[in-house]
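Inspection log for the structure reproduced underneath, given as structure tokens.
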């Protein structure tokens, strides 16, 4: 039986919600197109994203169709809708459609890669990663090492920001050299497109190139990627790349595109969890799914991964279309967000009397996120002293200090106050004893939002300096 696209319940209503003529001007006037609470100022788009009302209507239409006729929809219509979104995202990324499938999030994609790789039995394989790796992916590496009982190990590459791209490249080459000198085999590298904390653009293109030269598998964690930066997959040609669509592409949570070039698809034998598409090496179990026709085993494997709601995946094509028709396309969107992040971050730094996290070549803010130093530092940890550089020592001068043992208490207090009193959220971290706040630019924000953020953070920091965070302990 060949499934064909059918008109879905609520489809006309959803289409009507997308009839806005564009491109619309960016800034706060665009907020009416989104489902955000008017009382909430979303300065942290990078963590979970959000969606336009038009895409929410699309999501509901797919869910309604699934409930109206469960078996026909899940068995026959789902593969068609997945193919439509796969075609749309492949066109956006300029890659062959047979190289892309969907998973729930980037963490699942990284897990899928690391748990499918067959590690060498001689125990020499190493996984390389930077110390700015996303926490869940770092723990995935830890799990794989435990699960494989010693046949694979890891090597963490420390970075000191604001690092130059050349410094990152040099650190990676040095890690490869040390690995081999110690009798190890650098087998796979996990590489960010934009790291989480701090939120900075990473020279992933250069690192992938080195991986090719050194015959190391490149696994690119583009959790912060599609919809924010040009991934240039065709030029970069990574071995694996995963990018969350629900963060910057305006698709519902959770949804990520998983890119695997044909040359590597044989390495990904199982989805997570293993489902009907798995082909065992021994035996032949019954597969109850509708035959996939001329699709590859890789694509067929990811069409049904247990009974889950795939509606966010179906919305990818709708989100791409909405961004083109209403917002004017990817280039216009990215240009606005990057400019706002750079200029808005500088404004916040001026209000706080600090600085943004940027290197001398200006490569860290080639994205929609910016990190601003807060006007205090964390006291030295006697168990793990950090030797600051001359530049860092100068930055510390004249700032007040939070004792190391009170840092987490201050973090928790600041988060609670931002949420409860200011109706916003700003992720913060400390790197090299310095507190940093990460802000996300987006098309529905403008400079006034960053000015507000600067004043809010200034008030918050003044209250921290007075020790107010201790009162809630």
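Heads up, the Cβ atoms here are built off N, Cα and C, so glycines get one too.
Per Swiss-Prot, the feature S-(hercyn-2-yl)-L-cysteine S-oxide binding site maps to 47, 438; the stated evidence is experimental evidence. There are 14 other CB atoms within 10 A of the CB of residue 47 (S-(hercyn-2-yl)-L-cysteine S-oxide binding site), with all protein chains counted.
Counting only same-chain residues six or more apart in sequence, the Cβ atoms lying under 8 angstroms from the Cβ of residue 247 (N6-(pyridoxal phosphate)lysine) belong to 45, 46, 47, 48, 49, 223, 224, 225, 227, 228. Annotation comment: Swiss-Prot describes 247 as N6-(pyridoxal phosphate)lysine, evidence class experimental evidence.
Taking the Cβ of residue 438 (S-(hercyn-2-yl)-L-cysteine S-oxide binding site) as centre and 10 Å as the limit, one finds 23 other Cβ atoms among all the protein chains shown.
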